[in-house]
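What Swiss-Prot says about this protein:
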- 1-6: topological domain 'Cytoplasmic' (TOPO_DOM)
- 7-23: transmembrane segment (TRANSMEM)
- 24-488: topological domain 'Lumenal' (TOPO_DOM)
- ASN169: N-linked glycosylation site (CARBOHYD)
- ASN260: N-linked glycosylation site (CARBOHYD)
- ASN379: N-linked glycosylation site (CARBOHYD)
- ASN412: N-linked glycosylation site (CARBOHYD)
- CYS432: heme binding site (BINDING)
Amino acid sequence: MEVSLTTSIALATIVFFLYKLLTRPTSSKNRLPEPWRLPIIGHMHHLIGTMPHRGVMDLARKYGSLMHLQLGEVSAIVVSSPKWAKEILTTYDIPFANRPETLTGEIIAYHNTDIVLAPYGEYWRQLRKLCTLELLSVKKVKSFQSLREEECWNLVQEIKASGSGTPFNLSEGIFKVIATVLSRAAFGKGIKDQKQFTEIVKEILRETGGFDVADIFPSKKFLHHLSGKRGRLTSIHNKLDSLINNLVAEHTVSKSSKVNETLLDVLLRLKNSEEFPLTADNVKAIILDMFGAGTDTSSATVEWAISELIRCPRAMEKVQAELRQALNGKERIKEEEIQDLPYLNLVIRETLRLHPPLPLVMPRECRQAMNLAGYDVANKTKLIVNVFAINRDPEYWKDAESFNPERFENSNTTIMGADYEYLPFGAGRRMCPGSALGLANVQLPLANILYYFKWKLPNGASHDQLDMTESFGATVQRKTELMLVPSF
């Protein structure tokens, strides 16, 4: 069969461009190791069908704990070992102190003016100071103790009302407790539209995380519309903005006393005093951070802790015995009575090791072209620290995949980012500023659920039949809701 000249030229052209796309250009630049890539999508095909944190971990085991990934048009460095985490988050902490701009941050976080996504600079430094001294200080977290105790007691009563031997949706109950605590901490009272607010936050969380088309092709604006992402986010933002505006208006009329300042009180005081350059949108973005980020991470941690304990009857028996001995039949739990219980805290630390709330942390972005340990890194390269892989590194953790709270008994490892083999809240300048609040919102709900009830799986299932499948979003949640049968 004859082939026309036009066809030959077209085929030759296609082959030429495929060759140019598939072959790496020869250059004197030192490049990080990476998997083989495809045109346009880069390395995305290696991650299709995987949980991102697990897929990236598997690639790192093959190509190295410091590797490069091309995610669509986004160039990214992936760190998957304590050694490289320490090197980059200390030596290169400032060069990688920025956050990449995202469609979600632009629309939901009021043009990236919240604490998590704000670009590195004076505004972010002031926000960080605000968190340390006002919003998330130990004193402020302590001031919300009575809220936590009251809402945890409400959950206990709800479980009892459902009846001994009747399956109870713990996923729903835990999320509700933490969401209500945080909304009361923010606004001083239960939100009239609490259910609507919670549903909006859940919508945001569903739209966040993973490798969305808008995140891997940030410059292709038409894809943001074509995928429906921009429309969905705009709809969520409009509902959220209206709700928060109403809450702020109500709060301005009946604000709390200086002694019992809510988070919103603090922000409005600073805004009105002009000692900090806050706009109305900035206030809303920060409040959303307090509520959205705190609810999802804490509720996921409590769920995973109970899930692991169900699958490990030895640990469940031990932590419940500790609680019951310490509390000695008390009707209601006070926070200070359980804060220093050794085994309860070991359970929480081990849960955070196996199930860090943000397994890929929040990505950072390089602020300038630089040389990293002999490798050339372009400006705006994304930095992904896979704490999921780091927390399970077999070089640092014996039986790394096993749930074993006792591994921390004689360990000086802390959660505060100083030990790079254990980074549940990240490390460096952009480490999560809400760790104290997050831990308080994990410890007390978990203690209440374990102290008052014995738990088993429905329908006589054995403990090892609990489904531990993950669902990836803003955080890694259980794919199926945690339905357990209480007895009391």
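From the backbone N, Cα and C atoms, a Cβ is placed for every residue, glycine too.
Around ASN379 (N-linked glycosylation site), the same-chain residues at least 6 positions away in sequence with a Cβ under 8 Å from its Cβ are CYS366, ARG367, GLN368, ALA369. Cβ neighbour counts within 10 Å, taken over all protein chains shown, single out CYS432 as the most crowded of the recorded positions ASN169, ASN260, ASN412, CYS432.
Closest to ASN260 (N-linked glycosylation site) by Cα-Cα distance, out of the recorded positions ASN169, ASN412, CYS432, is CYS432. Geometry remark: ASN169 (N-linked glycosylation site) versus the residue listed as 'heme binding site', CA distance 29 Å.
DSSP gives ASN169 (N-linked glycosylation site) a strand state.
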